[in-house]
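Database features, via TrEMBL:
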- A:21-42: transmembrane segment (TRANSMEM)
- A:57-154: domain 'FtsX extracellular' (DOMAIN)
- A:175-200: transmembrane segment (TRANSMEM)
- A:178-296: domain 'ABC3 transporter permease C-terminal' (DOMAIN)
- A:221-245: transmembrane segment (TRANSMEM)
- A:276-298: transmembrane segment (TRANSMEM)
Amino acid sequence: MRSDFVRREVATGLRRNVTMTVAMVLTTAISLALLGTGMLAVRTIDSTESLYADRLEIQVALTQDVSAADQDCSQPICSGLKKTLENSPLVESVTFESQQEAYTRFQQLFAGQSIADVARPQSLPATLRVKLADQQTGADAVRQAMNGQVGVRTIIDQRDVVGKLFDFLGGVRNVTFALALVQAVAALLLISNTVQVSAYTRRVEVGVMRLVGATRWYTQLPFLIEAVLTGVVGAVLAGVGLVVAKFAFIDDLLAGIAQNGVIPPITIYDVLETSIWLLPIGAAIAGVTGYVTLRLYVKV
Amino acid sequence: MVAMATVATHEGSSLPLTLGDGRGGIRERSPRRAEGAGRTRVAGAAPGTVPTVIRLERVTKMYKTSTRPALDRVSVSVDKGEFVFLIGPSGSGKSTFLRLLLREDVPTRGRITVADLDVAKLPRRRVPRLRQRIGVVFQDFRLLPNRTVGGNVAFALEVIGKPQATIARVVPEVLELVGLEGKADRMPHELSGGEQQRVAIARAFVNRPLVLLADEPTGNLDPDTSQDIMLLLERINRTGTTVVMATHDHSIVDSMRRRVVELDLGQVVRDESRGVYGVGR
């Protein structure tokens, strides 16, 4: 294989229909950028899940009278509930938060907001905070054991709250993947079309090559390299786009929640690692599209 | 027609060879043509010692869009070093004949061999090997307009992976052979039609093919230039290269007195050595 020959052919091919090449690169880039965004969303969901996995608790809120009467869980109703929970193998630990402690935490949480001034210790329930040993089945077991028991007002599973966050992130992921898919179809068709146009503009060359007995590699490789090159350039552009987007939008957007530790921040490493994946994906998709096009539509 | 063919070929001591073309056509090989075949030929060699380069055995080609076969049980064999005219009206199957040899198409029935390759059964990846043994020339030259004369000829070698050193040595040689020495750096559009066809022939011949197929190579040229091209093809033929030339040009066929295979409606209606274009013309 003479590399200078192939290089020359590729350069000519790309130059000859430069507008198509640009369109192809941009479409590929947008598609891959969306794919990258989706991948970042998946990544965030994963790391958020692991971030919360050991923090999530079940809160068993006690009724008003028990909360008011028992400040240290020493009385029979509260201690009975606590004992029941602690005896379960699915439970790792149980801590008691009294009305007063809940009030202190509430004040910290909503410091400076008007709701903090309105709240009184009596209006907050005392809770048994249950850390689960078994994340899978523990929650349901606690719920079953506590539901309807004397002294229990409500059972709050923090995962229900976090679940909403996951739903949001999952939504972001699904939307970007859907858009990426639509763009990918457009990119594929463009690549396919460009390969056909490219082959058509070089039909004399290709015809001569076939007649003098050039192997398929010689006749097809320039077209394939063109396609793959487009995919790679598109992927690089997509990567650059993601980095720019991270600093321009994502950081601002997530600044609030990421700083509070609600979700882990998206770092530049996350973006770069994702972008690196886009390279082989772009190259492979473009290459396969080019190859299939050559096999189906172009007699090379 | 068979009778006429026999008459036309009954000169000199000939070695009759019956060809199973399904219609009783008779072809005879004359010693004169044997001499013309060049260095590989031993004078007076018995038939069978000269290797057959092209062999079609009851080849039928049907196209999906037509009820009549483009080629109908065609049997022809061509020895190494022969010069064969393929004649017949448009639509008689000449192009199909050439396309099948090049494996641009596969026959519906029958067997084709070129050299030792079973053309129809050749796996896709080995088709280039077949085509490297066949040079092709067309009526419309098919030169690359953006490459010089030398570049056009070199292209044929570049794309089959010949080393640069070989290309640099061989291209001037073949340009000299076709009478284009000193014109390697010209662009095709600066050349006359005859010169362009010489470039095309140089390109077809530069890899020293076993067979040169020419599809109406003089179709776009005036009679004098056509004659020059024919002299060139003869010269190439004398190097031992088998030449098969499809043509409509009466005067060329008549003046060359080489083997003529005539097709009509996809069938071989005449196959005679030292033939003329039209019987009785």
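Placed from the backbone N, Cα and C atoms, the Cβ positions cover glycine too.
Any TrEMBL annotation is an automated prediction that lacks curation.
Small disclaimer: the values here were computed from a predicted structure and weren't measured.
Cβ atoms under 8 Å from those of the transmembrane segment (A:175-200) belong to residues 13, 16-17, 20-21, 23-24, 27-28, 30-32, 34-35, 37-38, 41, 206, 223, 226-227, 230-231, 234, 285-286, 289-290, 292-294, 297-298, 300 of the same chain, restricted to positions at least 6 beyond its ends. Secondary structure by DSSP for the domain 'FtsX extracellular' (A:57-154): 46 helix, 22 strand, 30 coil.
Within its own chain, the transmembrane segment (A:21-42) is flanked in space by residues 14, 169-170, 172-173, 176-177, 179-180, 183-184, 186-187, 190-191, 194, 226, 230-231, 233-235, 237-239, 241-242, 245, 266, 270-271, 274-275, 277-278, 281-282, 286, which lie at least six positions past its ends and keep a Cβ under 8 Å from the stretch. Confidence across the domain 'FtsX extracellular' (A:57-154), taken as the mean pLDDT and rounded to a whole number, stands at 84.
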